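Q: The domain 'Cytochrome b561' feature in TrEMBL is assigned to 16-219. According to TrEMBL, the feature transmembrane segment maps to 21-40, 52-69, 89-108, 120-145, 166-186, 192-212.
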Amino acid sequence: MAYIKEAESEPRIYGYTRTATTVLTHFMCFSFTVFIAVLSRPGTSLFSWHPFFMTLAFSFFMTEAILLFSPHGSLAQKFPHKTKGRAHWILQCLCVTCAVLGLAAIVYNKHLNGKPHFTSWHGLLGLLTVCVVGLQSVAALPLIYHSLAKGWSLAKLKRYHAASGLVTYLLGSGSLFLGLSSAWFTASVGEYTWYLSALCTALNALVIMNQVSRAYTAKKRLQS
């Protein structure tokens, strides 16, 4: 009997843990975005818009867009999948808009100051990420408007979209992480704040990786 109770309690414990982790991720992505907004003070300079928009894009909008489909702690838990899909695409469009504005701010700022463009790993990865996230959002249109997916299985498109979306999210997280090593950020925060910021970025990426991988592992089990 004890063994049966333990076996029954394990999924419940795991469920509680994943719910707590998802709630923590909501809190971390929001708190980190607010922290960067306070630190950069958008509007005080042209450069200040760059960290603000990029963090808003990849730490907040993109994270929340993926967490919509989380079975544990989604803010749209009771809504149908179609509604979640539309909300996901809207958040991704906001992500792309903020990313393009953030890229434009740093490019124009460097142009005004006569500095070379995309000379660091942060700059190169950031440019790549903005291009990829734009393509990812356009490629998702057949999932919303099924008439565009002629000759393609929607199930296969969803798998490709999830896999490429995870890669895009990891690119965005990597770009944010490299941004934490920039001269501006390291000069603005102390050592402990830097490690805490890096931890938030890494933990968010781990939670998203776990969510996507578990979702498609479960689907393969059901299909087998």
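Even glycines carry a Cβ here, placed using N, Cα and C.
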Q: With Cβ-Cβ distances below 8 Å as the criterion, list the same-chain residues six or more beyond the ends of the transmembrane segment (166-186) that contact it, or say none.
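A: That would be 39, 47, 51, 54-55, 57-59, 62-63, 66, 120-122, 125-126, 128-129, 132-133, 136, 194, 197-198, 201-202, 204-205, 208-209, 212-213.
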Q: The transmembrane segment (52-69): which same-chain residues, six or more beyond its ends, come within Cβ distance under 8 Å?
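A: For the transmembrane segment (52-69), the far contacts come to 22, 25-26, 29-30, 32-33, 36-37, 40, 42, 75-76, 84, 87-88, 91-92, 94-99, 101-103, 105, 126, 129, 133, 165, 168-169, 172-173, 175-176, 179, 201, 204, 208, 211-212, 215.
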Q: Give me the mean pLDDT over the domain 'Cytochrome b561' (16-219), rounded to a whole number.
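A: Across the residues of the domain 'Cytochrome b561' (16-219) the model's pLDDT averages 93 on the 0 to 100 scale.
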